[in-house]
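Novice: Submitted below is the structure of interest, expressed as structure tokens.
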Amino acid sequence: MKQTSITPELCRPLSPARTVFNYGMTTIAFLLSGLALLPLLAILLEILRQGVPGLKWEVLTNLPAPVGMEGVPNGFANAIVGTLIMVGIASLISIPVGILTAIYLAEFSQGKAIAQLIRFVVTVLSGVPSIVVGVFAYAVVVLTVKGFSALAGGFALSIIMLPIVILATEEALKLVPTSLRLASSALGASRFQTVFRVTIATALPGITTGVLLAVARASGETAPLLFTALFSQNWFEGLTSPTASLSVMIYNYASSAYAEQNKLAWSASVILVGIVLFVNIASRIVTSNRFKNR
Amino acid sequence: MQFSFHDSAINASSTSDLIPALRVKDLAFYYGSQKAIESVSMDIYQGQVTAIIGPSGCGKSTFLKALNRISELEGVVRVEGQVEFFGQDIYSRQVNLNRLRRQIGMVFQKPNPFPSSIYDNVAYGVRVFSRPNRVSLDETVESALRSAALWNEVKDNLSKSALGLSGGQQQRLCIARALAVKPKILLMDEPCSALDPIATMKIEELIDSLRHELTIAIVTHNMQQASRVSQYTAFFSTDESRIGQLVEFGATTQIFMAASQSRTRDYVQGRFG
Ligand SMILES: Nc1ncnc2c1ncn2[C@@H]1O[C@H](COP(=O)(O)OP(=O)(O)OP(=O)(O)O)[C@@H](O)[C@H]1O
Ligand SMILES: [Mg+2]
């Protein structure tokens with residue numbers, strides 16, 4: 001039998017229409033990706049351009065100076081401390097509650113109606129505008145104890161974090177293969193042992209990512225703090241006093257009539273974006289967990 | 001078709017000398033309202049390897065998972081009939097499921113090591129039930145890994161991730177993990193289906209060496225494997241109703257060479273299923 005060569009078939013180009021379509025679509029996809037990156041890059045560049053020149057060591061270690069005072073060190077150290085404290089409080093509330101709720105939803109609810117309800121409520125909560133959360137915390141905490149405080153701010157932020165932690169943790173738990181749960185049970189482990197020794201350990205990178213995303217989100221929130229922690233020109237005075245935060249400081253100073261306050265707002269933005277970026281990078285590193293591959 | 005049999009299968013002792021480790025009486029199993037197997041009655045003898053063969057979907061895994069009640073984790077299931085474990089009905093209300101599963105271990109079709117170190121994998125089952133001191137735990141881990149013929153390959157890497165092992169090593173790790181809690185019975189659901197011939201051979205040798213310490217039931221699609229490793233064989237199949245049934249149970253030599261049912265003969269000769 002005569003062997004015909006396969007070469008012409010393999011090397012024949014696609015029809016011009018298909019070639020044009022391929023290249024056209026690739027180009028469009030590339031351009032659109034660039035377009036999506038544009039706002040992010042623009043924001044970052046602008047913040048860096050405006051904020052970095054004013055970013056000296058003294059702004060990180062000093063209190064805000066009263067307006068119009070010359071030659072007095074000016075800074076926002078209290079706002080950095082306040083943000084860290086209030087995000088810390090929010091984490092202390094939302095991480096345990098959120099993780100336990102997610103464990104219930106993913107491992108113990110077994111499709112009960114109450115679980116569906118919880119999941120629905122959490123999803124709705126994750127979509128509630130943060131200003132509403134602020135007003136709610138104002139009504140519940142600030143009006144009851146008759147005062148703005150770091151605790152109220154932390155509480156408001158915890159409401160922002162809670163649905164993020166719950167939804168991310170539940171997703172992470174659901175991704176744990178059933179075969180691991182079966183393996184654990186087949187060795188005589190009880191359901192709680194299986195959950196705490198195998199499921200959570202396996203899902204830990206995913207859970208950590210969710211928690212860190214929630215932390216990053218809470219660090220940048222302004223509206224929940226406006227009505228709860230308010231602001232303060234002084235150092236942190238205790239959990240029950242009004243407390244400064246980076247986001248509220250940026251909000252106040254950015255719209256200020258004084259140029260030096262505007263400048264400080266830009267520098268604070270650099271710090272805030274830096275914190276958020278750091279937390280996100282940390283979550284990336286944790287996710288590339290040591291047991292993922294060898 | 002030619003089969004090679006295990007030495008002990010050829011001169012298998014008569015069943016009257018054997019102690020049933022598991023005695024299954026008229027077992028039916030439902031997933032929800034869907035009946036998956038019905039009227040299965042057979043014994044799994046102590047110190048013997050029992051092979052469970054049959055076409056896909058005939059309920060072999062279902063049967064195996066009913067023997068340590070692991071299927072109850074997978075959804076709403078219902079069981080009729082009886083399974084006695086050395087005389088104790090395992091479906092009785094007094095039975096503690098965790099203690100039951102510790103006695104009746106299981107190795108799954110796909111290797112499923114925990115994403116932790118080799119050592120922690122093997123130690124897992126022991127730690128679930130007690131707080132052993134380091135020395136005795138080390139001993140248990142080593143002897144389990146030796147029994148599973150894995151010790152020499154991993155002894156220098158016990159703290160490495162189990163996920164870095166090859167598929168065959170992972171499966172032997174899963175066997176070691178099951179052995180570490182010293183079960184009386186080991187249920188194996190197609191333990192070699194994801195493995196190459198050499199890893200398969202290792203596991204077959206392993207099954208043979210374990211036979212003296214514990215009772216094994218193994219599901220396999222490989223007729224040669226069933227004939228090589230087992231002393232007794234159960235053939236499951238489905239009829240038009242799509243419900244799995246036990247067609248024939250007997251000594252492996254008899255099932256493979258002189259089955260009384262024509263369906264069994266057809267299946268082991270590869271003419272069906
Ligand atoms: N979790 C489940 N829920 C509902 N039905 C199931 C479930 N697992 C198995 N079944 C059904 O039960 C029947 C027996 O399945 P089983 O897995 O026991 O078969 P098998 O003999 O192990 O097959 P294979 O050789 O392919 O592994 C099948 O019809 C299957 O669809
Ligand atoms: Mg199966």
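Yeah, the Cβs are placed from backbone N, Cα and C, and that goes for glycine too.
Below, the features straight out of TrEMBL:
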TRANSMEM  A:20-45  transmembrane segment
TRANSMEM  A:79-105  transmembrane segment
DOMAIN    A:80-283  domain 'ABC transmembrane type-1'
TRANSMEM  A:117-141  transmembrane segment
TRANSMEM  A:147-173  transmembrane segment
TRANSMEM  A:194-216  transmembrane segment
TRANSMEM  A:264-286  transmembrane segment
Novice: Are the transmembrane segment (A:20-45) and the transmembrane segment (A:194-216) near each other by the rule of at least 3 C-beta pairs under 8 angstroms (pairs 6 or more apart)?
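Specialist: Contact between the transmembrane segment (A:194-216) and the transmembrane segment (A:20-45): absent.
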Novice: By a Cβ-Cβ criterion of under 8 Å, what residues six or more beyond either terminus of the transmembrane segment (A:147-173) are in contact with it?
Specialist: 82, 85-95, 97-99, 101-103, 105-107, 119, 122-123, 125-126, 130, 133-134, 136-138, 140-141, 199-200, 203, 205-207, 209-211, 213-215, 217-218, 221, 224-225, 227-230, 236, 238-243, 245
Novice: Which sequence positions outside the transmembrane segment (A:20-45), separated from its termini by at least 6 residues, show Cβ-Cβ distances below 8 Å to it?
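Specialist: Sequence-remote neighbours of the transmembrane segment (A:20-45) are 14, 273.
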